[in-house]
Structure formats: structure tokens, C-alpha cells
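Below is one structure, written out as C-alpha cells, with a few remarks after it.
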Amino acid sequence: MMMSCRNIDLGTSVLDHSCSSSSTSRRFLFGNSSKTVCMIGGRSCVGNLVFLRRDLATCRAVPAKSKENSLVNGIGQDQTVMLNLRQESRKPISLETLFEVVADDLQRLNDNLLSIVGAENPVLISAAEQIFSAGGKRMRPGLVFLVSRATAELAGLKELTVEHRRLGEIIEMIHTASLIHDDVLDESDMRRGRETVHELFGTRVAVLAGDFMFAQASWYLANLENLEVIKLISQVIKDFASGEIKQASSLFDCDVKLDDYMLKSYYKTASLVAASTKGAAIFSKVESKVAEQMYQFGKNLGLSFQVVDDILDFTQSTEQLGKPAANDLAKGNITAPVIFALENEPRLREIIESEFCEPGSLEEAIEIVRNRGGIKKAQELAKEKAELALKNLNCLPRSGFRSALEDMVMFNLERID
């Protein structure tokens, strides 16, 4: 099926579109509004464009008028923007292909991780090795390197600095420390399909291992000698504690509001991602408004990821998750799908507030969340945050690194397709 697109009005910009594709188009968000009129198989179709995807099918979009815009607006005078349409038959995005453009950076990080933890205590090293080798995605340092290289291009840097690389290592150490402590607090036996540190070595060693990694990361952070980044990352460690306290104080509480959930999700997940992306931009010495957009990108991406994770807790199996399915609900943690399902299901409130005391009540609650709108509304929330994250990237010049950041947003959403 052939598709052709004609001139479209995107609010402040009129773009001339010419493209061909053997597939249906996906939506792409451009500025505040976007409409397209396409001829698909001789039929005129009008729709909103929401998402960007790299693919074999591409459209070349050129501003009809030369207009000088700021970096935050993302399109400078006489720049050409490549809008890419997704082929439905295309293989899903994988982190391996997404991070290909920073594969060497990630390999150097993997080689350095154990050495920078230190060799003072063999037990702590064994604990760190257990989680470092547990198939982690290295998503956060990957984001550090992608933003570092995307903003380095903007600032005219030809190579990453020592500070960029050290930041990636610090971020992964902090993330790993938080996982060790999370597993202790949640009494989790499995993570990524492997036994957790506290299951293998005991709670005492796990707590000390997490503390040690936080301390070691803080020492390396101080040696970066950048006060802005030190404050930024230090706030993340504080946010971790705030998030855990907020979660522990609201278990089985069906009056938790969506704003409370989003704040807790920011503390526990998005704060670190936002600090990672902003810190990378700071070390590239870009303008403060670009660094702030990178912070907002990390925040919105992190929130979208957390919402998707909470959806998968209801839609995937224990084998797929690498941990017990519906584990959060079983422990009374009220997440986005549950909050939305509670809006119209008094029976769900009754079950949760009873703390699943009746046989089969947990399974009943899971079915209510799955089938009564909780999942659908949570998906909409994840997409809303993803759209904002894509807009935050408009301050970056077109490059393979920016495309990979956009694909990261889409990779997350593909997990719930």
C-alpha cells in the first residue's frame, strides 16, 4: 500500500511533506499541535501525529518559512527535520541496538565498575559482583553517554570528558546501591531472574554493601569538583529515602491520589534519571536552558518508565518479570493501574483494605485492575509523559545520539504495545 502526504499545518510551522511508505503511519508530536492529510491507497486520511520513530519509511520536512528559533524550540533557521514513520512489521526496538552508538562507552564502564567499587572487602566485592553481573540493562549510564554525546556536539566538543565517563559510573553505582536496599526493604528473593544480594549473603551484608556503594559513589562525586552536579546527585540519594518512606506510609491506602503516586515515582525512579541527563549536559558546558530541558527529559522519561513497569506488574508473568507478578499489589503498594481502577470499583477498595485476607481475593483484585480500565488509563499516562519527553529533546541538534534518545522513549512504550 502506497502512502503520500501533502502540505500540513503544524500551528506555528507549515511543512511540505513528501514521503512513501508500504506501511501505515504512526503518530508524531511536533510542537503544540499537528495535523496531516495523507493519501493511503487513494483514500484521504487526517490524523494527529504523536510519536517519532526511526525506520525505513521516512519523510523529509522543511519549514516553508525561514524562522530563527531558540535552542529550546529545537529548529534553527534553514534546518531540515527528518520525521520518520514506523513500519508495523518492523522488529521492536532493543536496548542493544539502541545503545550501539555508545557501545564503546558502555564497555569501558563495564570494565571499570568493579575496580571503582574498591577491593577493601572481598564480601562486599562479591555482593557487588552478584548484582553487576545479573544482566542489568545499564540504561542510566547509557542515557548519560547518549546525552553527553548529543550535547557535546551542541557545545562543539569532539570527545567525552573524564567527568562524563565518571558520571556514568557514579550513576550506575548509586542505582545498584538503591536496588540492593530496595530488595531488603521489599524482602525480595529474586531480581532479574537471579537471587538477590540479601538472599545470598544475608540482610546485614546487603545493607552494608548498599551503604558502601553509596559512600563510594559519593566520594567519586566529590572528586568531580563541580558543586552543581554534587548538589544534583546528592539530592537523588535524599529522594530515594523520601520515596521509600512515602511508600511505606501508604501501604493498602486506597485514598492515595495520583499526584502522590507521581511524587513517589519521581523520588524513587525519575529523580536519578533526571539528574543523570542534566549532569551529562552540565559537563558538556551547554547553555543552562538546554541543561534544564535535559533534566525535564530525564524526569518525564523516568516517570513514563515507572508507570510502564507498574503496568507490566499486572500484564506479565513471573518469568517475564524476573520477580513475582503483581508483587506490588500483594504488598499493598498502590500504583497507577490500581488508582485508576479504584475510581469506579468499590469492590477493589474493599479487597485491598482487607489486605487480601480472603482466599482468592488477590487474584480477584488483579482481574479487576486488568479488566476495568486501570491498565488502559495507566497506558495513557505513560504515553502522556513520553510525549513530553520527546518535546524536551527539541533543543538538541539532529544526530544519531538524539535519535537513540527518541528511540529510548519509544522502547519504553513498546513494552506495553
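Glycine too: its Cβ is placed from the backbone N, Cα and C atoms.
Residues or ranges marked as transit peptide in Swiss-Prot: 1-60.
Sequence-distant neighbours of ARG140 (isopentenyl diphosphate binding site): residues of the same chain at least 6 apart with a C-beta under 8 Å from its C-beta are GLY168, ILE171, GLU172, HIS175, LEU272, VAL273, SER276. The isopentenyl diphosphate binding site feature in Swiss-Prot is assigned to LYS137, ARG140, HIS175, ARG192.
The Mg(2+) 1 binding site annotation in Swiss-Prot covers ASP182, ASP186 and is backed by similarity to another entry. With a 10 A radius on its CB, ASP182 (Mg(2+) 1 binding site) counts 17 other CB atoms from all the protein chains.
In the three-state DSSP reading, ASP186 (Mg(2+) 1 binding site) counts as helix. For ASP182, ASP186, the entry in Swiss-Prot reads Mg(2+) 2 binding site, with the evidence type similarity to another entry.
Here Swiss-Prot flags ARG191, LYS268, THR269, GLN306, LYS323 as all-trans-polyprenyl diphosphate binding site, drawing on similarity to another entry. Taking a C-beta cut-off of under 8 angstroms and a sequence separation of 6 or more, THR269 (all-trans-polyprenyl diphosphate binding site) has the following same-chain neighbours: GLY302, LEU303, PHE305, GLN306.
When secondary structure is read from DSSP and collapsed to three states, LYS268 (all-trans-polyprenyl diphosphate binding site) falls in the helix class. Of all the binding-site residues listed here (LYS137, HIS175, LYS268), the one with the fewest other CB atoms within 10 A of its own CB is LYS137. Counting in whole angstrom, ARG191 (all-trans-polyprenyl diphosphate binding site) lies 13 from LYS137 (isopentenyl diphosphate binding site) by their C-alpha atoms.
In this structure the C-alpha atoms belonging to LYS268 (all-trans-polyprenyl diphosphate binding site) and ASP186 (Mg(2+) 1 binding site) are separated by 14 Å. Between the C-alpha atoms of LYS137 (isopentenyl diphosphate binding site) and ASP186 (Mg(2+) 1 binding site), the distance comes to 21 Å.
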